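Trainee: Feature table excerpt (TrEMBL):
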- D10: active site, nucleophile (ACT_SITE)
- D12: active site, proton donor (ACT_SITE)
- D10, D12, D135: Mg(2+) binding site (BINDING)
- C91, H93, C106, C108: Zn(2+) binding site (BINDING)
- T52: site 'Stabilizes the phosphoryl group' (SITE)
- R109: site 'Contributes to substrate recognition' (SITE)
- K110: site 'Contributes to substrate recognition' (SITE)
Amino acid sequence: MSRVKTVFLDRDGTINYERNYVHKIEDFELIPGTLEALRLLTDCNIKIYIITNQAGIARGYYKEKQFLDLTRYMLSCFDKNRCKIEKVLYCPHHPDGTIPEYTRKCQCRKPGTKLIEDVMDKEKLNANEIALVGDRDSDVEAGFKLGLTTYLVLTGYGREYQNDTRADYIKPDMLSAVKHLIQNF
């Protein structure tokens, strides 16, 4: 039985292909192995949270409603495939945004840790019970700051960071990361 009880997954570049601020359903495409990885986690009773920076909202590239519509579509796809997602956590902020209500420095934008800490507090989780999987240094840094087990995946932007990362593990994709996590933790 895995000692990891919860996994935080980045969205763009980890779950789905990174395509310049994905916010339309027609641009949303899962990376191969995503559904299998999510089913493995679900079958092992590991809680799944998706945590995503959505700077495109602050920059005015798309509205928060468009993000939420895409999120509903994504969750519907996961539900149809027996993949249980606890919640999608997102940060709509960016310090260089163009939409005033979203333009600010915050602690919820990765590598900030507020969204993760809120779940840890609510679920009474210890750092050694959590893993984080992402394709950017900001994902890894958020996990590193909290002492989580971190995985850098080489999908999305992962290859740019593989030679200079504090990730505990580097894996080709999320499915490889999840299989490693289940076998070793």
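Note that the numbers count up from 1, one per residue, in the order the chain is shown.
Each residue, glycine too, has its Cβ placed from N, Cα and C.
Note that this is a predicted model, so its numbers are computed, not measured.
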Trainee: Out of D10, D12, T52, D135, which of these recorded positions is nearest C108 (Zn(2+) binding site) by C-alpha distance?
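Mentor: The smallest Cα gap between C108 (Zn(2+) binding site) and any of the recorded positions is with T52.
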Trainee: Run through D10, D12, C91, D135 for me and report the recorded positions whose CA is within 10 Å of the CA of R109 (site 'Contributes to substrate recognition'), in sequence order.
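Mentor: Those near R109 (site 'Contributes to substrate recognition') - Cα within 10 Å - are C91, in sequence order.
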Trainee: Would you find the one among the active-site residues D10, D12 whose Cβ has the most company, meaning other Cβ atoms within 10 Å?
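Mentor: Selected residue: D10.
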Trainee: Using a Cβ cut-off under 8 Å and a sequence separation of 6 or more, which residues in the same chain sit near K110 (site 'Contributes to substrate recognition')?
Mentor: D10, I51, N53, C91, G134, R136, S138, D139, E141, A142
Trainee: Taking each of D12, T52, H93, C106 in turn, which of these recorded positions have a Cα lying within 10 angstroms of the Cα of D135 (Mg(2+) binding site)?
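Mentor: If one measures from the Cα of D135 (Mg(2+) binding site), the recorded positions that come within 10 Å are D12.
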Trainee: Once the chains shown are all counted, how many other Cβ atoms turn up within 10 Å of the Cβ of D135 (Mg(2+) binding site)?
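Mentor: There are 28 such Cβ atoms around D135 (Mg(2+) binding site).
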Trainee: Using other CB atoms within 10 angstroms as the count, which residue among the binding-site residues C91, C106, C108 scores least?
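Mentor: Lowest Cβ count within 10 Å among the binding-site residues (C91, C106, C108) is C106.
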Trainee: What's the CA-CA gap between D12 (active site, proton donor) and H93 (Zn(2+) binding site) in angstrom, rounded?
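Mentor: Roughly 16 Å, rounded to the nearest whole number.
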Trainee: Taking the centroid of the Cβ atoms of C91, H93, C106, C108 as the Zn(2+) site, which other residues of that chain lie with their Cβ within 8 Å of it, listed in sequence order?
Mentor: N53, P92, R104, Q107, R109, G112, K114, L115
Trainee: Return the residues near H93 (Zn(2+) binding site), defined as same-chain residues 6+ apart in sequence whose C-beta is under 8 angstroms from its C-beta, sorted by sequence, else 'none'.
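Mentor: Expected: A55, A58, Y102, T103, R104, K105, C106, C108, R109.
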Trainee: Just jot down the residues in the same chain as T52 (site 'Stabilizes the phosphoryl group'), at least 6 apart in sequence, with C-beta under 8 A of its C-beta; none if empty.
Mentor: D10, R11, D12, V88, L89, Y90, C91
Trainee: In the same chain, which residues outside the set D10, D12, D135 have their CB within 8 A of the centroid of the CB atoms that define the Mg(2+) site?
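Mentor: After dropping the recorded site residues, what remains is R11, G13, T14, I15, E18, T52, G134, R136, D139, V153, T155, G156, Y157.
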Trainee: What is the total of other Cβ atoms whose distance to the Cβ of R109 (site 'Contributes to substrate recognition') is within 10 Å?
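Mentor: For R109 (site 'Contributes to substrate recognition'), the 10 Å Cβ neighbour count is 22.
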